[in-house]
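Everything on this sheet refers to the single structure shown next.
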Amino acid sequence: MTTNYIFVTGGVVSSLGKGIAAASLAAILEARGLKVTIMKLDPYINVDPGTMSPTQHGEVFVTDDGAETDLDLGHYERFIRTRMSRRNNFTTGRIYSEVLRKERRGDYLGATIQVIPHITNAIKERIIEGGEGHDVVLVEIGGTVGDIESLPFLEAIRQMAVDVGREHTMYMHLTLVPYMAAAGEVKTKPTQHSVKELLSIGIQPDVLICRSDRAVPANERAKIALFCNVPEKAVISLKDVDSIYKIPGMLKSQGLDDYICKRFSLNAPEANLQEWEQVIYQEANPGGEVNIGMVGKYVELPDAYKSVIEALKHGGLKNRVTVNIKLIDSQDVETRGVELLKDLDAILIPGGFGYRGVEGKLMTAQYARENNIPYLGICLGMQVALMEFARNVAHMEGANSTEFVPDCKYPVVALITEWRDEEGNVEQRSEQSDLGGTMRLGSQQCQLTDGSLVRQLYGSDTIVERHRHRYEVNNMLLKQIEAAGLRVAGRSGDDQLVEIVEIPNHPWFVACQFHPEFTSTPRDGHPLFSGFVKAASEYQKRLAK
């Protein structure tokens with residue numbers, strides 16, 4: 001199989017939507033029966049985004065194999081069926097650390113290590129490895145052309161045309177075409193300068209995606225084609241839309257997929273976008289709306305919860321309702337009280353790390369439990385639900401997590417290496433033990449309890465979901481909590497860890513240790529989010545009676 005490469009770069013400004021554009025194009029090519037994958041190359045020096053601030057970088061998207069990656073990989077998985085892995089995302093820091101490790105081992109036989117060829121070769125090797133077994137690989141280069149950090153990646157993708165052949169490589173450049181209200185026209189000069197910058201690096205773009213708040217007129221596209229040395233049919237207008245799921249159809253309507261298939265000599269049938277048309281129809285024709293509050297600590301940057309927000313929208317699609325998401329800072333709940341939670345049809349507490357805002361989340365979980373409001377807790381959202389239930393229902397005063405209070409009387413949540421035996425003694429587990437010593441990452445099997453709500457929602461005894469956490473339910477204190485009315489609805493495949501809890505006498509109260517948002521897609525949804533949004537609709541109807 002010959003693999004073809006489409007390299008996606010951005011110019012003029014950041015946040016043009018390279019990831020969405022790449023994912024949308026991949027969706028069309030996949031709909032033509034081609035085997036497609038997408039890679040994201042990030043120019044920052046962090047080895048991975050795992051320890052980066054969510055309010056700076058956005059969410060960390062976790063893959064099946066446990067890689068902590070850029071949030072764009074979430075977009076990729078929501079648009080195409082191919083599952084991402086650690087091969088689909090790497091950073092400057094990762095490349096440099098690998099090259100330096102090889103140098104220390106003597107792999108380079110005393111050679112002087114340089115950006116060219118050693119760093120660029122390492123980048124190219126990663127790209128080729130990530131694309132194995134696919135007809136088309138889209139490679140998104142993070143940042144903006146002209147950034148000093150991006151230069152090694154841009155040089156590497158320039159060399160790819162030499163290594164694999166120009167007939168198997170394409171360069172797609174996203175650029176801004178701003179509308180000037182005073183002049184009453186769009187301006188192409190920023191695009192011309194951006195392409196000039198790219199040409200100075202040695203890359204001639206084959207396709208230009210022109211981002212604007214309105215359609216770029218044909219005469220302006222012709223002008224761009226002339227000055228940028230690109231065929232007119234390869235100058236694509238991509239205006240702002242109210243739904244990102246309209247973008248595959250917009251690209252297809254301008255013949256971009258035909259142009260690419262012809263360029264790569266790919267004999268593929270016409271794309272069938274019926275599934276995407278169905279998604280767009282569902283989104284545009286809701287039968288109602290629900291208000292769901294998400295109480296977190298990173299709400300100043302919604303991208304910190306990107307997959308959760310999208311999963312809630314997918315749940316709305318499956319129930320034919322619009323989901324209005326109210327982002328609430330958990331610290332505001334601490335200072336201003338649960339009045340902030342009024343007029344909500346459901347409440348969700350997502351994952352997070354650290355003590356800041358935890359008391360507000362505990363107040364939120366208590367409010368949802370006592371007022372029979374549908375509740376979905378994810379990761380830390382499950383842990384605070386457990387802590388709140390232990391304190392206020394199981395009479396375990398001061399119940400807490402060892403993440404926040406290491407020497408608390410009732411450590412109902414503890415580090416994976418910290419477990420209490422039957423006598424109450426702390427049992428230490430090292431990295432050599434079965435459960436490992438740090439973060440639990442990636443897909444893990446979960447056995448669902450017969451008769452539980454989640455068993456009904458999933459329609460299966462066994463599920464696989466993705467994890468990202470260091471703390472787990474302390475089994476030694478579980479019996480007392482269960483006796484007070486909490487039900488364990490799911491356990492790990494080895495029956496050692498609690499994965500899901502429910503409150504049976506509550507209309508809809510589910511909390512899970514894993515992250516179901518990472519596997520939700522607009523076409524398929526996710527059982528937990530579909531059930532959660534349905535419960536919100538039913539709660540709203542009960543109140544209206």
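Just so you know, glycine gets a Cβ as well, placed from its N, Cα and C.
In this view, CYS379 (active site, nucleophile) is surrounded by 22 other Cβ atoms within 10 Å of its Cβ, with every protein chain counted. Annotation source Swiss-Prot lists active site, nucleophile at CYS379, citing sequence analysis.
The active site annotation in Swiss-Prot covers HIS515 (among others). A C-beta separation below 8 Å, combined with a sequence spacing of at least six in one chain, links HIS515 (active site) to VAL62, SER307, GLY351, ILE378, CYS379, GLU465, ARG466, HIS467, ARG468.
Annotation note: GLU517 (active site) sits in a helical segment as assigned by DSSP. Positions annotated as active site by Swiss-Prot, on the basis of sequence analysis: GLU517 (among others).
Taken from Swiss-Prot, the feature CTP binding site covers SER14, ASP147, ILE148, GLU149, LYS187, THR188, LYS189, PRO190, THR191, GLN192, LYS223. LYS223 (CTP binding site) falls within a helical segment according to DSSP. Around the Cβ of LYS223 (CTP binding site), a 10 Å sphere holds 17 further Cβ atoms from the protein chains shown.
Positions annotated as ATP binding site by Swiss-Prot, on the basis of sequence analysis: SER15, LEU16, GLY17, LYS18, GLY19, ILE20, ASP72, LYS239, ASP240, VAL241. When secondary structure is read from DSSP and collapsed to three states, ASP72 (ATP binding site) falls in the helix class.
Of all Cβ atoms in the shown protein chains, 27 besides its own fall within 10 Å of the Cβ of GLU140 (Mg(2+) binding site). Taken from Swiss-Prot, the feature Mg(2+) binding site applies to ASP72, GLU140, supported by sequence analysis.
Residues or ranges marked as region 'Amidoligase domain' by Swiss-Prot: 1-266.
The binding-site residues under consideration are GLY17, GLY19. Their Cβ neighbour counts within 10 Å are lowest for GLY17. Around ASP72 (ATP binding site), a 10 Å sphere centred on its CB holds 25 further CB atoms from the protein chains shown. Of all the binding-site residues in the record (GLY17, ASP72, GLU140), the one with the smallest CA separation from LYS187 (CTP binding site) is GLY17.
Its own atom aside, the Cβ of SER15 (ATP binding site) has 10 Cβ atoms within 10 angstroms in the protein chains shown. Separation of the C-alpha atoms of LYS189 (CTP binding site) and SER15 (ATP binding site): 19 Å, rounded to the nearest whole number.
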